[in-house]
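Feature annotations, courtesy of TrEMBL:
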- E424: active site, proton acceptor (ACT_SITE)
- T138, G177: FAD binding site (BINDING)
- 17-132: domain 'Acyl-coenzyme A oxidase N-terminal' (DOMAIN)
- 278-439: domain 'Acyl-CoA oxidase C-alpha1' (DOMAIN)
- 480-656: domain 'Acyl-CoA oxidase C-terminal' (DOMAIN)
Amino acid sequence: MERVDHLADERNKAEFNVDDMKIVWAGSRHAFDVSNRMSRLVANDPVFEKSKRAVMSRKELFKNTLRKSVHAWKLINELRLSDEEGLKLRSFMDQPGFLDLHWGMFVPAIKGQGTEEQQQKWLSLATKMQIIGCYAQTELGHGSNVQGLETTATFDPKTDQFIIHSPTQTSSKWWPGGLGKVSTHAVIYARLITNGKDHGVHGFIVQLRSLDDHSPLPGITVGDIGMKFGNGAYNSMDNGFLMFDHFRIPRDQMLMRLSKVTREGKYVASDVPRQLVYGTMVYVRQSIVSNASTALARAVCIATRYSAVRRQFGSHDGGIETQVIDYKTQQNRLFPLLASAYAFRFVGEWLKWLYTDVTKRLEASDFATLPEAHACTAGLKSMTTSATSDGIEECRKLCGGHGYLWCSGLPELFAVYVPACTYEGDNVVLQLQVARFLMKTVSQLGSGKAPSGTTAYMGRAKHLLQCSSGVRNARDWLNPGMVLEAFEARALRMAVTCANNLSKFENQEQGFSELLADLVEAATAHCQLIVVSKFIAKVEGDIEGKGVKKQLKNLCYIYALYLLHKHLGDFLSTNSVTPEQASLANQQLRSLYSQVRPNAVALVDAFDYTDQYLGSVLGRYDGNVYPKLFEEALKDPLNDSVVPDGYREYIRPLIKQRFRSAKL
């Protein structure tokens, strides 16, 4: 039977070349080819089928994850896939599992903190998957406050060993993915103690389980922390707990690139700058920002296609009803999320460049840009993951009641994604790190030290504190200079106001504590400016493809003007815009929605997601939603029988009023 495209009319409306936009979204022709091949390799392999995850028991789901993970590893080897291809294949597998932490945290930790000798020994095993590793930092009692970790690693000079110990219940390692049931090894973070002196938190490579029968080694208590939010979702991952009872490891299993302990127990810092650790942090956080764009794009793709399929109201005399996507209320909620997905994609591209730049500078012992890069990546991780989590939930609401069905793909996507707001740094804590950096930058404005990078705009503080927006009509809000100046003025004025308020406190830390909420808002304004500026830089550059640049410009200004609308209180209270100019921005925003409307379905097609990867009946490429919803409903185990289990015990006695009298 020939497949009918129920969204063909929508696709025919597109005013740009979708294939060209796919290249822009992917970043390059090469990146598109890799992504396209890997996504279809996964989609066409029955082992990666995922439609039954919601009804699997925890044990079934976990075993299914093991099967898929090992199958993915076999494919990577048999097909001789490159690292880039292997990473893409694992991402399209779309099921959290031990491979994520092994390759994403364990291996980079050894690369970043291990000596050449240690890397040669451990990476040769890890890259062949002869050992499976995880990253055990977070404890039951401490997450964000790494310096408060309680696990100890005490050096015993008599045996040339470290004694790893969990002195309290709250010192239990808690949450590391892959720890609960799979990992044979872990990079453990513990307080290093030599000769009675605490040298702070350091990393150690520790074997947890036997390589013969996988049983925990003596002195180690390890297991899974239990069910988590949602059906399927992150329950495929064995997040674990871990306790040590005076567990001994050789001295050379301390990661010693940055510091070491000698045979005599002397603590010695190496010549390698400690700042090198931040390079890994920048890499991880830029990956998280890129993943935010991917996750938000999935949700937006589902909501956009379904909004074009769904019709409600608007019919007269039995005529055809109005497509939901044609309602301005739907556009006002949906199109800014579509714009955000593209915005996060492009700021993620820029962060990849930043990581390369920081790495080169670190290798040359140039640490000048490191504080700014650290603050920037921390803030963008926080801002994009928060916006994406909220955006996925908004997309679920945009799909009405059907969005609540598991088969819509949105509940599981939300449950899988929302932990990103917490791991690799709690989002509020990260924004406060940005705020500290901003306060320091503001305090140095009169010192002659020019701000650089993403804070370069602060070097024009005199102008930005005095200027008023030049917007006179709605079209002025399509002027990149005017948009940027409004965002720069808002960000700077909020930061300066916080700095002025801080100066009123004799105790700066007390002042910081009192102004936490204001500081978070100032940091958020700075991060939103970064995203807007990078999006504008992208669309003002050379972009190939018929009609592509025009569509990206529309999305860019939707993103910026919607932020202005959403945070209007900031812009008005700082006098960055007037109420009249804000009204003109809303007028221009409505015009932009109308321009994006005929291109909406094509703009999500440019993400190039297969139906298998989307995992959504509502977001199907062909728009054939309603018959497929029935098919999914009939697959539910409750529909295996017409009369439900429990009818004779409970329903029949109820409706026949035949109850046995209870005996006292």
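Yeah, the Cβs are placed from backbone N, Cα and C, and that goes for glycine too.
TrEMBL does not curate its annotations; it predicts them automatically.
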Check your understanding: Does anything in the same chain, at least 6 positions from G177 (FAD binding site), have a Cβ under 8 Å from its Cβ, and if so what?
Key -> P96, F98, D100, L101, C134, M237, D238, N239, G240
**Study point:** Listed in sequence order, residues with CB under 8 A of T138 (FAD binding site) and six or more positions away
**Key:** K173, W174, W175, P176
Exercise for review: Averaged across the domain 'Acyl-coenzyme A oxidase N-terminal' (17-132), what pLDDT does the model get? Just tell me the whole number, please.
Suggested key: 95
Check your understanding: For the domain 'Acyl-coenzyme A oxidase N-terminal' (17-132), what are the DSSP-based totals of helix, strand and coil residues?
Key -> 89 helix, 0 strand, 27 coil
Point to revise | List of residues, in chain order, with Cβ under 8 A from that of the residue listed as 'active site, proton acceptor' and at least 6 apart | key: V284, R285, I288, K381
